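Colleague: Please see the structure below; I have some questions.
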Amino acid sequence: MVKILCAFSVSRNTRLLLYVNRNKQSEAYCYRFLHGLRFFSLFWIVLGHASMAFDPIISRFANVLEATGSWFFCAFSTAFLSVDTFFYLSGFLLAFNVIKVDFSSWVIIVVALIRRFIRVTIPVVFCLLGFFLVPLFFWGPNSKILYDNYYEEISSRWWQWLLQVRNFYKSSDMECFAHLWYLSTDFQLFVVCIFVLAVLQKRLTLMKWTFVGLSLLCCAFSAWQMQTGKYLPVIPSVVANLNTMADTFNEVYMMPTFHGASYFLGCVTAILLQRYRKAEISLVTEVVMWCASIASAVTCILARHRWNSGGVDPGTWQDVAFAFFDRLLWSLFLSWLTIACARGRAGEH
């Protein structure tokens, strides 16, 4: 009971969060760059949310078009890729830990699924129930509308969060917890990956190519969605038809297939590190890989300029191509960044 209560200790959890490993021979020290990747991704997500939502009350629409039409705005619109960075990290850390475990496949699957469900679902339920206490402390002119929306959302959608299928049901701007689609998508990709990792536990080559195939399959499905002419490959700040933006978010962006390439290629990166972390790589190869990875990242960022101003009709070949390659290129950039940093070839180590 004491251990259970200590799990909720503010001081204990703060110490764990702020602890820095100083042992240069440990894995935690070698992979500390992942904390920096998380930090910058979180910063980018907050920056994107703060910069992409325009209020017509405080800004003229002409100013909005001018801002979104600039190349500089690509830095804000690319914030959506930071979400895929977290999917990539989830896949990488999952594979990194599982491929070192020597248990039977079914033990790995059962234990992993139970632990994941508890770690993801229980905190969500705790937060949802805790929100019922908010009316006891806060009240205002519009609070009744907010609380009524919340009660309606809880009563009608509680089972979607419990079963981790929230992303398969449409979201709206009036929802209080629309962002929980991420946890459902992450859990679904986790289930697929843990089965592949457990079943192909000793066959790393087959495992690697299975994840590559799944990544390409997800990208192909997203590209197929674009050719229907109903969706856009990105979610721009300005769009000619609001239904197109809503459909893109609900039927494309929240789906596990849209983020699957990032998750699965994170697993591929962990497998490559397991095999080739200490392998010799020539300086020329490293330079080529850095140039290719940076070019991939820059392409993902600047290519969004085409859709930022909202004056593009869906269903073009550019939409199809970008939907296929966007997550692949971004994940390849993250993959080389991870490999280079883990090998101590990305600067001071």
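Please read every residue number as a count from 1 along the shown chain.
Glycine residues also receive a Cβ, built from the backbone N, Cα and C atoms like all the rest.
Residues or ranges marked as domain 'Acyltransferase 3' in TrEMBL: 33-342. The transmembrane segment annotation in TrEMBL covers 33-54, 120-140, 180-199, 206-224, 252-273, 285-304, 324-342.
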Colleague: As a test: from 33-54, 120-140, 180-199, 206-224, 285-304, pick the stretch that has the greatest number of Cβ pairs under 8 Å with the transmembrane segment (324-342).
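Modeller: Looking at each of 33-54, 120-140, 180-199, 206-224, 285-304 in turn, the most contacts to the transmembrane segment (324-342) are made by 285-304.
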Colleague: Hey, which bits of the same chain come close to the transmembrane segment (180-199), Cβ under 8 Å, at least six residues off its ends?
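Modeller: Same-chain contacts beyond the flanks: 83, 87, 90-91, 94-95, 98-99, 105-106, 108-109, 112-113, 116-117, 120, 124, 160-161, 164-168, 171, 207, 210-211, 214, 254-256, 259-260, 263-264, 267.
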Colleague: Are the transmembrane segment (206-224) and the transmembrane segment (252-273) close, by which I mean at least 3 Cβ pairs under 8 Å that are 6+ residues apart in sequence?
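Modeller: Yes, the stretches contact each other.
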